[in-house]
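Quick look at what TrEMBL annotates:
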REGION    1-48  region 'Disordered'
COMPBIAS  1-11  compositional bias 'Basic and acidic residues'
COMPBIAS  34-48  compositional bias 'Basic and acidic residues'
DOMAIN    134-206  domain 'K Homology'
REGION    244-272  region 'Disordered'
REGION    292-338  region 'Disordered'
COMPBIAS  292-324  compositional bias 'Basic and acidic residues'
Amino acid sequence: MAETEQPERPAAKKKNPNKQQPVDESELLTVPDGWKEEPFTKDDNPRGLLEESSFATLFPKYREAYLKECWPLVQKALNESFVKAELDLIEGSMTVTTTKKTFDPYVIVRARDLIKLLARSVPFEQAVRILQDDMACDIIKIGSLVRNRERFIKRRQRILGPKGSTLKALELLTSCYIMVQGNTVSAIGPFSGLKEVRKVVLDTMKNIHPIYNIKALMIKRELAKDPELRSKSWERFLPKFKHKNVSKRKEPKNKNIKKEYTPFPPPQPESQIDKELASGEFFLKESQKRRKKLEEIKVKQAEAVSKRQEERNKAFIPPKEKPMAKPKKASTSNKIDVNAIKEKVKKAKDKKLGALPEEEVKQKLAIAGKKKRK
């Protein structure tokens, strides 16, 4: 039997292991829920640090008593990370220094932030949170943003709000602790919250009320819950507030209106000779010129005399007399009735002051007589 020939199959395509598969960019940009960075342990740096680092900061006199009380707690918190802390009450300074046992290279920066926050009136319970890995701090300087002292105090008060309500709302929305003290605003919390706090504080000092930013933060908080909108722009949902700077200066009555600018110089004024040439006086003789001037003077004198005469004649013009008004007839309705008045006077004389009328007196006498008979 002859063997049947089978058709050849096409060779299977080999998969290229180096070829990268397309990845959704939105997944790379978003952080997974519940993700937390691993803490830095001694196993990550068993040999420790080569050099010693130290930071120092000054504190005001009014913080001396509080720091003296809480300093043992500060030393205890820093000893866990093998950082040495010193308090100098004579110079008014706090110093943090690494030791041979310190294994975390970034802990000295966190210790520096801790003493800075303590110097800015932040309580120890809140300031010690800076030693955690997921916490950061930001000290915003606001003293040089507004020149006028009264205006600065008013705008700083806006951050606090009535009975601290604005500050409390900002803390809830950003998950940060905020402390307004003197010329600075100290904030402790996650990086995303600190960014929002700085924006709100700087906008408030630029005369933008914090309620506008708080409203935008509330909208962002609701939009973040929707997984579809995480990778999209939120500008269409956020409110747009226009800053209206209305000046209260009164406008002057007489405004100086500027003339339109022209690159060409103004025309040269005509001289006396040009005027004479235009009118034809230049070609007249001297005698003719004198005669013309005399005629002009005579005309002016005649006009002045006529005006003077008119003013003198005004005194002799009689004023216009008013027309005679006809006497009005006395109205009969206003006449006084003398007889009626006389009768009223007679009745008043007959009556005694405080006495009862005659009919009531008769009735009372009749009732009294009946009682006696009984």
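Glycine residues also receive a Cβ, built from the backbone N, Cα and C atoms like all the rest.
In the region 'Disordered' (244-272), helix, strand and coil residues by DSSP number 1 helix, 0 strand, 28 coil.
Taken through DSSP, the region 'Disordered' (292-338) splits into 29 helix, 0 strand, 18 coil. Over the domain 'K Homology' (134-206), the average per-residue pLDDT in this prediction is 92.
Broken down by DSSP into helix, strand and coil, the domain 'K Homology' (134-206) contains 40 helix, 17 strand, 16 coil.
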